Amino acid sequence: MEFTKLRYVRYKLGICGMEVFPIKSQYYFKQLCNNLKKQKNQAVFIVEFFNAAGSTHFQKNYKNTTTDNESARSLLKKGKALSKDMKGSFPVPFKTAELANYIEDNLLVEKIPELLKSFDIPSNKPIHAKILSLAIAEQFKLLVESAEDEVKSIVFEKYQNGLDAPFSEVDSPDIYIVNKPYYEEDSADVLNQGHKNYDLPMYHKFTHEWIIRNTGSRNWLNRKLVFINSEDTRIKAEKNLLEIPSIQPGKDVSLKVILDTRGFEGTFRTKWEMQDEEGNNCFPNLKWIFDVKITVSFIPGDGLNGK
């Protein structure tokens, strides 16, 4: 079956009257590359994606900047099918959960609606980041385990199954994302969103900066950025509340905080909310936009005095 401009060619299976769409690996990769957090280039994206699922086919680029791997780039740029060697490089059983975690960690909340649309999930469905990430990972598992490069699209089916499952089988209900801000015509964007993940040694102090733009049409008055899980994470902040000056639509604000990795190894997420003067979360629809993820490792002789 021939694809035109990477778009689905639709056909019906007659199962409960649902339409089912075939999907190729190039279309799959394109949607993720376009809608996950800003990718440096296509080859880096493919290499990191493969590694997240446990593949040994591509060597990870530890500089995390660029790669000249034409084989990786060709999966997106030239639409080359996943080769037998590529498919055979993934572990058995497939690391679905690990890949889903990678996808969830790299979701851009503001692009989730576009990602849902690209996999033909109706816009009236609740947004659930963890279930979406798992459904997308299941789709890649099917692509890897199939002898063909064109398979049935199962993202919508898996997503709906996840929505129908009891919370105990997926995650707590607070993972749901509300579809609108607290105030009408209010919106925000973090301009340096790509700088929110850190790999650091223990006992290391560093400064994190948010460059936040008021992208709505409402003035921001008496707002603050609040470290909402300060009691539940090992990472500590010099301040748990940062006052935000009055910001007009279209204007930016820079907020900085000193964070301390302390003496604990592991991966930690510091959760931050923009709140109004009454403590209301201004952007429940942008659940992770202000969060900072920090992976802390023990490195002998490094960072013991802080930096």
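Cβ from N, Cα, C; glycine included.
Under the heading domain 'Nbr1 FW', TrEMBL lists 200-285.
Sorting each residue of the domain 'Nbr1 FW' (200-285) by its DSSP state yields 0 helix, 44 strand, 42 coil. Per-residue pLDDT, averaged over the domain 'Nbr1 FW' (200-285), rounds to 96.
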